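First the structure, in the form of structure tokens, and then the observations on it.
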Amino acid sequence: MANDELPIWRKHMVVFVVSWMALMATFSITSLLTAIPEIASELSTTIEILNVTNAATLIAMGVSSLIWSPLSEVFGRRLIYNIAISVMVASSIGVAVAPTMALFTALRLICGFTGTFFMVSGQIIITDIFEPAVRGRATACLMIGSVAGPALGPCAGGLIVTYSDWRVIFWLQAAMAGLGLILSLIFVPTIHRRVDSDLSANCKTTQDRQPVHQSPRLALSLAKFNPVRVLKQLNHPEILLAGITCGFLSATQYTLLTSVRHVINPRFHLTTPLVSGLFYISPGLGLVLGSILGGKMSDAAVKSYVQKKGTRRPKDRLNSGLLGLFIILPAALLIYAWPLQMERGGLALPMIAAFWIGIGLMGTFNGINTYMSEVRPAEKTEVVAAKYIMQYAFGAISTAIIVPLIDSVGVGWAFTLWTFLDILGGIFILFIARFSPDSWI
């Protein structure tokens, strides 16, 4: 069935499935944040080592598309998508029964290695089946899935570790991924991505240098696994600057999520994982609402610029995120961090500020994500994959360093650093949207 022949109800179900699996990707990384002390105690390790393990899992998530995306092109997106879900189910069960820190870490990395493929593939599926005028709202649904994980994961983890064993977190994760597998098998259609013309040319050149017995199809298949196809997208200045901005935003998000129990619990004398887990509802709601608003603002920006200029450019939708980058996000970060540093105000203040941090983050992320899937249509998979590599590399760094950084300079100065980086990202996005030459793409 052609993409434009899918009935609207089927498109909605596809969006639900890809959003559910995007939720699973972030749920798997955040669900243990409120259970880290308990996991460290049982596995005879330290909180710092577990944070590094979480950072390594983020790196695995970032590079996962270098393997899964080429596999999906060679063997078909639907087949590989379902295999990736199956790997998540199996590795989650493995983590749930892991008796040692070494096995726990290995299986966590395997589970993380499926992560961004769900978001990359989901973004490409949405780009394939939705028209540009409504694509931002469909992307918003995908983003709601990915950002619901940071809200639901710590809450579920805190609830489970308070009343049961931390291993139940991963049994729940396996069950949720299993549900995603069933829904995917039923509703996600076969959607093939066309072979890029420039890749075909490159493969022909490669084939000319190979022995004559090697088939063109084999050469084409092998070329798809060349990571240079993804990394070379960063040679385009607009893609590089937008990717760096996504990295700054991801670092801000994981700085907030990773440090909650380290900062909030001692400041307000919270004693149980459940109570600190409930704190995550605040930024989680902001992330979800920001995704909804960001999608509407992104599509509105496209329609507005079409009316003004009579043509549609992918970078026009980047204007929708400037308010978040320059005003909402910086203000919310500083209001969150400095009262904590000076021990002023009650718990309501950081909760409200965290909510607005979520609004600022996702109100910006949506437009950039949709832009990345549109800016080079023939290479959209590679562009989106490159973005996620940068995004999760920055997220991994922030996850690994934020607790030592807060201990060294204080929560106020630590979050001020991310504030300046986000403003710098805003300058990058403003330049792309308003001043960058078309020859950069």
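Note: Cβ is positioned from N, Cα and C throughout, glycine not excepted.
As recorded in TrEMBL:
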| type | residues | note |
| --- | --- | --- |
| DOMAIN | 14-437 | domain 'Major facilitator superfamily (MFS) profile' |
| TRANSMEM | 12-37 | transmembrane segment |
| TRANSMEM | 49-68 | transmembrane segment |
| TRANSMEM | 80-100 | transmembrane segment |
| TRANSMEM | 106-126 | transmembrane segment |
| TRANSMEM | 138-162 | transmembrane segment |
| TRANSMEM | 168-188 | transmembrane segment |
| TRANSMEM | 239-257 | transmembrane segment |
| TRANSMEM | 277-297 | transmembrane segment |
| TRANSMEM | 318-339 | transmembrane segment |
| TRANSMEM | 345-368 | transmembrane segment |
| TRANSMEM | 389-406 | transmembrane segment |
| TRANSMEM | 412-433 | transmembrane segment |
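Touching of the transmembrane segment (412-433) and the transmembrane segment (168-188) is ruled out by the presence of fewer than three CB pairs under 8 A, sequence neighbours closer than 6 excluded. Remote same-chain partners of the transmembrane segment (345-368), defined as residues 6 or more beyond its termini with a Cβ less than 8 Å from a stretch Cβ, comprise 136, 139-140, 143, 147, 242, 245-246, 249, 252-253, 256, 264, 268, 279, 282-291, 293-295, 297-298, 301, 317-321, 323-325, 328-333, 335-336, 339, 387, 429. If you look at the transmembrane segment (277-297), the same-chain residues 6 or more away from its ends with a CB under 8 A from one of its CBs are 30, 33-34, 136-141, 143-144, 147-148, 150-159, 253, 256-257, 260, 264, 270, 320-321, 324, 347, 351-352, 354-367. Within its own chain, the transmembrane segment (239-257) is flanked in space by residues 30, 33, 58, 150, 154, 233, 280, 283, 287, 318, 325, 329, 333, 336, 354, 357, 361, 364-365, 368-369, 371-372, 375-376, 383, 386-387, 390-399, 402, 414-415, 418, 421-422, 424-426, 428-429, 431-432, 441, which lie at least six positions past its ends and keep a Cβ under 8 Å from the stretch.
Non-local neighbours of the transmembrane segment (138-162) in the same chain are 15-16, 18-35, 38, 119, 122-123, 126, 130, 168-169, 172, 253, 257, 260, 272-281, 283-285, 287-288, 290-292, 294-296, 298, 358, 362, 365-366, 369-370, 373; each lies 6+ residues outside the stretch with a CB under 8 Å from one of its CB atoms. The transmembrane segment (49-68) shares more Cβ pairs under 8 Å with 106-126 than with any other stretch in the list 12-37, 80-100, 106-126, 168-188. Most Cβ pairs under 8 Å with the transmembrane segment (80-100) belong to 168-188, among the candidate stretches 12-37, 106-126, 168-188. Looking only at the domain 'Major facilitator superfamily (MFS) profile' (14-437), the predicted model's pLDDT averages out at 85.
Below 8 angstroms of C-beta separation, residues 14-15, 18-19, 21-22, 24-25, 28-29, 53, 56-58, 60-65, 67-69, 72, 77, 81, 84-85, 87-88, 91-92, 94-95, 98, 135, 138-139, 142, 145-146, 188, 191, 193, 369, 372-373, 380-381, 384-385, 388, 392 of the same chain, each at least six residues beyond the ends of the transmembrane segment (106-126), sit close to that stretch.
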